[in-house]
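J.: Sharing a structure here in structure tokens format.
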Amino acid sequence: MKALVKAKPEQGLWLQDVPIPDIAHNEVLIKIIKTAICGTDVHIYNWDKWSQKTIPIPMHIGHEFVGTIEKTGSHVVDFKPGDLVSGEGHLVCGRCRNCLAGRRHLCRDTKGVGVNRPGAHAQYLAIPVTNVWYCDKTIPLDVLACFDPLGNATHTALSFDVLGEDVLITGAGPIGCMAAAIAKHAGARYVVVTDVNPYRLDLAKKAGATLTIDVTQQSIEQAQKELGMKEGFDVAMEMSGNPAALASILNNMCHGGKIALLGIMPDNTDIDWNKVVFNMLTIKGIYGREMYETWYKMNSMIQSGLDISPLITHTFDYTEFEKGFEAMRSGQSGKVILNWNK
Ligand code: NAD
Ligand code: ZN
């Protein structure tokens, strides 16, 4: 089968023939219809420090996908060939305290599809049945291919009550824009989204942001005045990975405000702890998706009218993957889809 392989320890990915994966008794083989390119895939493409430490070579990558069940292992009874599925990209150990308690997203020994084991940018993918999500066929395939990052956005955006609250989102990447759409869908009053990239701010508007701010031009304090806000934001979501954005969040929260951190900061990023203490802020780190409460909620939100399709900006055939990665690397894109169904 064809797959996007990290074949050499340098920038790039290579479309290569690799064997169709074998499945264990508890695994399924999925025929991939579409994948989406994640920021993580771009890190691996770029061969940054994190990828050099983490990715074994050769390895085919990718973890955002939709496809159909091709084959099931001998112990799999709840899926059959032809079922439309997506899947959770984090494999958990099943034996640690949190796994045993059913808090699988808190597993201390998580492995990543397309990071620590062969991935989804391929014609077939093998994963454990416990990672498979049965899809609603009425949801567009492009949207289903984005359930993994939509899950990051959902996990973050629903971490704190946003109904009737004023929400600040720093970073209008695909996940920040999805979070803006979710916060609006979940009943927030104002959803203010910041970025430094006008293309991305435009996407945030399309996602339903009340106000977008280019922080190179305007401050969040000014935006608060414009909206007539007096006491600061009730909830913030950090989705840029930029320390300046985190600092700006701390400067713009109401007392008792709640902050969810998804963006991955550089090592040893400082923050002003006295703002946290004196303003009595709550900070929560977010990694991945809750299994499977996040999947349940995002599915229901899509079924009840949440629309993320304006955030899917490019689609390519898998043979044109270079164009897809170029669009992602340029910052002039939302989600980029690759079609594998030939
Ligand atoms: P992205 O890189 O596409 O988007 C980040 C956005 O932040 C960009 O549009 C960038 O222009 C913007 N930005 C840069 N500096 C800024 C600043 N000072 N203020 C406001 N915005 C600024 O990333 P994404 O795919 O949307 O993911 C969002 C973040 O979440 C990334 O940091 C990513 O690494 C992280 N992430 C975390 C998890 C997790 O499980 N914790 C999962 C996926 C992604
Ligand atoms: Zn575990």
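Each residue, glycine too, has its Cβ placed from N, Cα and C.
Whatever TrEMBL says is automated annotation, not expert-curated.
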J.: Quick check: of I175, I220, I308, I312, which does TrEMBL put in the same NAD(+) site as D195, R200, L262, G263, I264, I286, Y287?
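T.: So the NAD(+) site in TrEMBL includes D195, R200, L262, G263, I264, I286, Y287 plus, from the candidates I175, I220, I308, I312, I175.
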J.: Suppose we screen the recorded positions H43, H63, E64, C96, C107 by Cβ distance to ligand 1 with a cut-off under 6 Å; which survive, in sequence order?
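T.: Correct list: empty, so none.
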J.: Taking the center of the Cβ atoms of C93, C96, C99, C107 at the recorded Zn(2+) 2 site, which other residues in this chain have a Cβ no more than 8 Å from that point?
T.: V92, G94, R95, R97, N98, L100, R104, L106, R108, D109, T110
J.: Considering every residue in the domain 'Alcohol dehydrogenase-like N-terminal' (26-133), what is the mean pLDDT value?
T.: 97
J.: Please spell out the DSSP helix, strand and coil residue counts for the domain 'Alcohol dehydrogenase-like N-terminal' (26-133).
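T.: So the counts come to 24 helix, 39 strand, 45 coil.
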J.: What count of other C-beta atoms do you get within 10 angstroms of the C-beta of L262 (NAD(+) binding site), across all chains shown?
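T.: There are 25 of them.
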J.: Determine the recorded positions, out of H43, E64, C99, D195, R200, lying near ligand 2 in the sense that the CB is under 6 Å from one of its atoms, and give them in sequence order.
T.: C99
J.: By a simple count, how many Cβ atoms lie within 10 Å of the Cβ of H63 (Zn(2+) 1 binding site), its own Cβ left out?
T.: 25
